Amino acid sequence: MGKSGKKRILLKIGSNVLTKETNHISRGKIEDIACQIADLKEEYEFVIVSSGAIAVAKQFVQLESNGKEINVKQALASIGQPHLMRIYQESFRELGLLTSQCLLSYSDFKKEESKTNIKNTINVLVENNYIPIINENDTVATDEIKFGDNDKLSALTAALLNVDLLIIATNTNGIYTKESMDSKSQKSIKETSNIELLRSQIQQSISSHGTGGMSTKIEASEIAQGAKIETWIVNGLKDNFVVNAIKNKSEFTKITVQ
Ligand SMILES: Nc1ncnc2c1ncn2[C@@H]1O[C@H](COP(=O)(O)OP(=O)(O)O)[C@@H](O)[C@H]1O
Ligand SMILES: N[C@@H](CCC(=O)OP(=O)(O)O)C(=O)O
């Protein structure tokens, strides 16, 4: 709970959601997110972890690869991040919502002083009605781009800020049973606290823009669970996905605290 008495939600938005699985970032999806935050703002305050810097850059530039894949991705992230933030800022401002940018690295979570600074900065932002939009500081981070750990970043941030709920928006209705995936009749696991059970349902596939697949989302929910935070894995491709999950009007996976 924030100082305002509102419930605090950490919302992680994956690249596939932001591109709506195309090769372009979707302004419509960012507007959908803004609308939902505006609708919920009397009861909830939001901190966002957003991927999409690399995806947004790809629509503007093609870089020479020169065999250094990671460095090319880092350069793309550096080009895309300001565009991504511009789209957030413009879309959110339309609805009277204020945004800010925080770029974080995993090493920041290993240093107590940095952790305290992250926490205090974000608290000042939220208390002043700014919505912090966090992404990995890709210029210095290699593991993140390789392993798609914005899921882990969202969980570490959720734990650090002691939020009430972690919502991970991806391109499926949460986690499907392995059996249903095999028979192509996707059926979501509705609620569980059993992380091992979830791990056993994973398929190795990831989607076109995704990096970590479902396993990094399960790892994230394990970190959140350790901090007594519930995780919801929801389908961000659908309109109104946060509001509908809160109203229990959609299919998604709830990973509860033990
Ligand atoms: N049991 C499962 N249920 C749902 N999705 C799964 C499962 N196992 C693997 N996946 C894959 O995980 C993908 C989501 O992860 P990812 O592609 O990294 O997306 P994001 O960009 O949201 O991080 C799904 O599109 C699907 O291909
Ligand atoms: N920091 C990168 C994150 C890429 C990434 O982790 O994507 P995802 O698996 O969709 O969360 C970017 O903004 O493009």
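The backbone N, Cα and C atoms fix where each Cβ goes, and this holds for glycine too.
With Asp138, Asn150 listed by TrEMBL as binding substrate, the candidate from Ser51, Ser215, Ser221 annotated for that site turns out to be Ser51. Checked against ligand 1, the binding-site residues Asp138, Gly213, Met214, Ser215 give Gly213, Met214 in sequence order as having a Cβ less than 6 Å away from one of its atoms. Each of the binding-site residues Lys12, Asn150, Gly213, Thr216, Lys217 was scored by other CB atoms within 10 A of its CB, and the lowest score goes to Gly213. Of Ser51, Asp138, Asn150, all annotated as binding-site residues, the residue with the shortest Cα distance to Thr216 (ATP binding site) is Asn150.
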